[in-house]
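Below: one structure, written as structure tokens.
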Ligand SMILES: O=C(CO)[C@H](O)[C@H](O)COP(=O)(O)O
């Protein structure tokens, strides 16, 4: 079985009746959404908040009832993917362009489970270009500010046009190569006027489930700030 799918299906075993579940975005979260749909057909009762229009559509296709933030008092468990995961369970996210909603949902969740295949585990974050969501207004200036942190910077495009997020913004992919201090960088980038959100998720994951090609999984648990154990 696909290693992303193995991680995703294992994560879904953490879902219990009555929970409000955050649905991630991407090819790994896809498998979690399929599995949740399967469990709902088997009688599981949950409600969900989606992190993108894409996941919203998938939820509807799979019979998963969706709710808005005005109808709930927080999210019990979110299952989402990542582009990179370091030893401290800090993440780069946003490869699929859903980072703003993903961060809002993760921050509202009592437990965040990240699902990934083994290729996403890294010693240090930064090989994957860091997605930064910026307002369209003033974007050339915001880009100049971002250039301080590393280059090249790329305005994300789709079908020859700038990619527009579900929130009407641009994404800049910043090739930083090495991010030795994720929290410091996170705060510095967020301080630039025009930046809406950046793809560093620092100390937000409680559990990372890694699916491996040999069919096994590893669980990495964040025990206290800055440490993970398996
Ligand atoms: O952050 C994300 C979307 O914004 C995804 O979770 C991340 O890009 C991983 O995607 P995939 O599971 O397809 O590898």
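Here, residue 1 is simply the first one shown, and the rest follow in order.
Backbone N, Cα and C atoms are what each Cβ position is placed from, and that goes for glycine too.
The annotation in TrEMBL ties 25, 26, 27, 28, 80, 81, 82, 83, 93, 94, 95, 96 to substrate, and of the candidates under consideration, 45, 120, 154, the one tied to the same site is 120. Under 6 Å, Cβ to nearest atom of ligand 1: this is the test, and of the binding-site residues 93, 95, 120 it is passed by 93, 95. The Cβ of residue 102 (active site, proton acceptor) lies under 8 Å from the Cβ of 24, 25, 51, 52, 80, 93, 94, 201, each of these being in the same chain and 6 or more residues away along the sequence. All chains included, 24 other C-beta atoms sit within 10 angstroms of the C-beta of residue 120 (substrate binding site).
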